[in-house]
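Student: First the structure, which I've put down as structure tokens, then a few questions once you've had a look.
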Amino acid sequence: MAACEEKYDSALLGILQNEGQVAPFLDAIIGFLYRRTDYFRIMKTDSDKLGFPPGVALKLLVNIFKKYESMSAKNEEMRSVQAPAKTTNSQVASVEKANPAAQNSIAAPQTEARAETQESADERGTDISTQPSTTRSDSTKDDSKPNQGMEMEKVEAASKENPEKNAQENEEEEKEDPEQARLRRELQANPLTYNGADCDTYLWSQSIAEVDIRVKVPKSIVKGKQVKVDIKKKRISVSCQQGASFSELASGELEWEVKAEDSMWTLCPGEFVHINLEKKQERWWERVFIGESGINTRKIDCSRPMTDLDDEAQAKIEEMMFNQRQKQLGLPQSHEVKTHEMLRKAWDAEGSPFKGQPFDPSKFTVDPSGTATFNPGDS
């Protein structure tokens, strides 16, 4: 699959270099779909053979975006796990190089500390090499990925609040069969089974709000009229045409209710029927159909993208991210910017002692509440 995707890189790279930026590059790709395909055509009746039902075209784009977003998140997580060990090694090497005389005096306590840490880890039934999370958010802090630092802080806080549960999960991780752990990692790495499973007749994945089911179909199934899909709030069924009749591919009672009116399905010819279900309640599913074996929801990725939050929460997070970047760059934060704008207007007003002088923000100190204090020593 990777080779199939990479074979277009040369052509796409040429377009990207010509456009210069990602936004116009994406505009060129979507524009091609608009001009040369029926991608933006809306099917108004069942007899229409061109276009898509309302909302399906957008869903396709969102699903593809989520596919690569999840792959990127997994890659970033793998890099962040490896980073703390490298940082620690480089720090030890720099200390030894800077002070070789103290190397012998440091070596004994350091070995002792390692032995004590390993001994305490053995008592918990874990390996300290698998627990970098307590230092990950500091040692791998990246201005371009502030969300991940915030997510790590939440995970660490949850671990501290419930240490018994954390120890139990670590113990379960140690007891997990190596083959099962390998299969679980493979499922998580595949966007079609992300947070889900690969069953006999279908694959499924999920987010906190949606479930995506891909029911396998024969190679001969290439048209939508060869498929029947029935979606109800607690049950779905999928069947395909076999000669003069329809044969059932998958059906059953769902574990939890869905919003049938907001759910939809599409056919990938000769491969699968893709069913997108909107969950009625935001919760993690252990299985699609009642009676089937379930997954362990404690071992899936339960993080949520920022786009799932409401506008107010997103605005607050964006403000925090902005303030973090400004603070690291030594520039005014949001509360300081707002106060400086008000002061700038009053700076040259009638009666101001600074009238006629260039605005100088260094003459004021702004606290986090936005209150400005005049610095008389700078006057």
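Just so it is clear, glycine is given a Cβ too, placed from its N, Cα and C backbone atoms.
In case it helps, TrEMBL gives these features for our protein:
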type	residues	note
COMPBIAS	113-126	compositional bias 'Basic and acidic residues'
COMPBIAS	138-168	compositional bias 'Basic and acidic residues'
COMPBIAS	368-379	compositional bias 'Polar residues'
DOMAIN	197-289	domain 'CS'
REGION	77-181	region 'Disordered'
REGION	350-379	region 'Disordered'
Student: Taking only the residues in the domain 'CS' (197-289), give me the average pLDDT of this model.
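Tutor: Averaged over the domain 'CS' (197-289), the predicted model reaches a pLDDT of 93.
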Student: What counts of helix, strand and coil residues does DSSP assign across the domain 'CS' (197-289)?
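Tutor: Going through the domain 'CS' (197-289) residue by residue, I get 6 helix, 52 strand, 35 coil.
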